[in-house]
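Peer 1: Please see the structure below; I have some questions.
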Amino acid sequence: RDKNVRCNSVKGYTLQLTGSLLAVAFLTSFGSSMLYGYNLAVVNSPAVYIKDFYNKTALSRNGTGLSGETLTLMYSLTVSVFAIGGLLGSLIVGMLVTRFGRKGTVVNTTVLVFVAGSLMGFSRICNSPEMVIIGRFITGIHSGISLSVVPMYLGEIAPKNLRGFLGLVPSIFIGTGVFAAQILGLHELLGKEEHWPLFLSVVVVPTFIQLMLLPWFPESPRYLLIEKHNVHATITALKWYRAKCNIQAEIEEMQEEQRSLSSVETLSVWNLLLDDTVRRQVVSVVVINIGMQLSGIDAIWFYTNDIFENAGIPAPEIQYTTAGTGIIEIIAGLIGCFTIEKLGRRPLMIGGFAMMGICSAGITFALILQAHLLFMRYLSVCCVVGIIAGFCIGPAGVPFLITAELFKQSHRPAAYIVGGSLNWLSNFTVGFVFPFLQMSAGSYCYLVFAAICLSVAVYVYIVIPETKNKTFMEISRMFSKKEAVLETQGLIHVDQLKLKKMNGYGGVEHTSLEFDSSSSVP
C-alpha cells in the first residue's frame, strides 16, 4: 500500500495515487458502475429471444399466445423497470449511508445482485417471465444505490487534488460495462437463444469479486470522524489511504467541518430544499442531473441499432458497429479521467454538453439530407459517436462528483437523493417518451436534445464555479461569498460576477502542498 503511482503535476501539486486508493476505486467501480453499464445494454441483444420466451410461456399457460401490443408492453416493462428500481434505490440511499456508512452500503447491497442474478438465470427453467422482470427491478435498485454511494465514497476518501481523477473512474467502468454487454451479446458468444438467461445473470461475476475484496478496505475517514466521532479509526483509515504525506492538515480540515456541523444533524430532503443557504447548489444539482439524462444519451444507447439501420449499415454488421461505439466510450472516459485535474470540472462539462448538442443537431440534418446526399448517412454515424464521446468525457461522471463537492457532510446524502431520483426519473422519461417523440417529430426530435445540451452548457458556464483543488469547506465558502455579493449588489447580472474573483479563496491556488515523508499523527 506504500507504493505510489506517480501522476502528472497540477498547479504545483505532486499527485500521489496510493495503491489503496486505486484499488478501492477499481473495486467499487468494477462491481457497481460496470454493473450499471452492463444492465443498460444487456437487454438489446437478446430482445427477440426474451419476447419469444414470453410468448411461449403465455401459450403454455393459457393456450394462446400474446398479442403484439401485449408482448411489446411486457418487453417495455422489462426494459423500463430497471429505471423504476433505480429511482427507488436512489430514494433510500440517504438512510443506508447514514446507518451503514459508505463502504458498508456498497458491501451490504451486493446481496441484491445475487438475488437478481439467480432470478434471471433460472427464469427459463422455471418458465417464469415474472422472474426476469423482478430481477431487472432488483438490479435497478442496486444501481440506484451504487450510482450515488460510489462517487460519495470515492470523493470522501480522495485528497482534494485527486478527487476529480477518482470521481471519474466510475464513468470509465460504466462504459466498460456497456462494452462488455455489447461484446458478450454477439452471436458468436452469448448472443444465442439458449444462452440468454446466462447472459442476463453474468452480473454476479464482478459483484462477487467486489464482495471478496472490498471489505478489507477502511471506511470513509470523513464519515468516521464527522458522523461517528471515531478519531482513532479516522487516523487509521487516512494512513491507509495516504502514502508518505502529512495527514495533520487534512484532519484539521475535517475537524473544522465537524465543528461547523456540531449543531446540525444530517438533513432530510425536505429540509435541504427549504435551506436558503444551499439554494444555488441544489438548483445546480437539479440542472446537471436532469440535463445528463435529457441530453438524449439514453435514446442513443437504447436505439443505436435503429439509427445505424436508418443510416444504411447492413443488418449483419450493425452489432459490430454498435460494439465499436463501446470502445469510444472507454477511450473518452479515460480522456476525461486523466485531464480533469488539469482542465477542471467546468471545461469537461461545458465541452461535453456542447459537443453533444452540436452532434444532436448534426444527426437531424444528416437524417434529413441523407436521401439526397449519400455521405450524410456516414455523418449521422459520426454524430452518434460524437454524442457518446462527449457524454463520456464529462457529463457521464462529473455531475456525480459535483454533487459531492457542492455540499457539506450534513447535506450530502440528501443532495444525492435529489440528484439520483431526478436522474432516474429523467432516464425513465427518455426511454418511454422517445419512441413517441420520434414518431411525431421524425428526424427533428434530436433538436430537442440539442437545445437541452446547449442550455445546460450555458448554465454551467454562468453559474457553477470551478471546484478543483478546493476543500469541501472552501467550496461552501465560495457559494456563501457569492450569495453575499448578490445581496449587497441587488442581484446584479450574473456575468458581472466573474468566477476568477473567487479563485484561490483561502490561498489554495497560491500555495504549494508538500508531501512530508514523515507522516505525523495529531
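Including glycine, each Cβ sits where the backbone N, Cα and C put it.
Got these off TrEMBL a minute ago, pasting:
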type	residues	note
TRANSMEM	12-36	transmembrane segment
DOMAIN	25-468	domain 'Major facilitator superfamily (MFS) profile'
TRANSMEM	73-98	transmembrane segment
TRANSMEM	105-125	transmembrane segment
TRANSMEM	131-153	transmembrane segment
TRANSMEM	165-184	transmembrane segment
TRANSMEM	196-217	transmembrane segment
TRANSMEM	282-303	transmembrane segment
TRANSMEM	323-341	transmembrane segment
TRANSMEM	348-369	transmembrane segment
TRANSMEM	375-402	transmembrane segment
TRANSMEM	414-437	transmembrane segment
TRANSMEM	443-464	transmembrane segment
Peer 1: Under 8 Å for C-beta pairs, could you tell me which stretch among 105-125, 165-184, 196-217, 323-341, 414-437 has the largest tally with the transmembrane segment (375-402)?
Peer 2: 323-341
Peer 1: Which whole-number mean pLDDT does the model give the domain 'Major facilitator superfamily (MFS) profile' (25-468)?
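Peer 2: It averages 83.
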Peer 1: For the transmembrane segment (443-464), could you work out the same-chain residues 6 or more beyond its ends whose Cβ comes under 8 Å from its Cβ atoms?
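Peer 2: For the transmembrane segment (443-464), the nonlocal Cβ contacts are 280, 283-284, 287-288, 291, 294-296, 299, 345-346, 349-350, 353-354, 356-358, 360-361, 363-364, 367-368, 402, 434, 437, 494-495.
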Peer 1: Same chain, outside the transmembrane segment (73-98) by at least 6, Cβ under 8 Å from its Cβ: which residues?
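Peer 2: For the transmembrane segment (73-98), the sequence-distant neighbours (Cβ-Cβ under 8 Å, at least 6 residues beyond its ends) are 39-40, 43, 47, 50-51, 54, 66, 105, 108-109, 129, 132-133, 136-149, 152, 223, 227, 266, 268-269, 302, 413-414, 416-417, 420-421, 423-425, 427-428, 431-432.
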Peer 1: Return yes if the transmembrane segment (105-125) and the transmembrane segment (196-217) have at least 3 CB pairs under 8 Å (sequence gap of 6 or more), otherwise no.
Peer 2: yes
Peer 1: Grab the same-chain neighbours of the transmembrane segment (414-437) for me: Cβ-Cβ under 8 Å, and only residues 6 or more beyond its ends, written as numbers and ranges.
Peer 2: 76, 79-80, 83-84, 86-87, 89-91, 93-94, 144, 147-149, 152, 266-269, 271-273, 281-282, 285-286, 288-290, 292-294, 296, 298-299, 302-303, 399-400, 403-404, 406-407, 445, 448
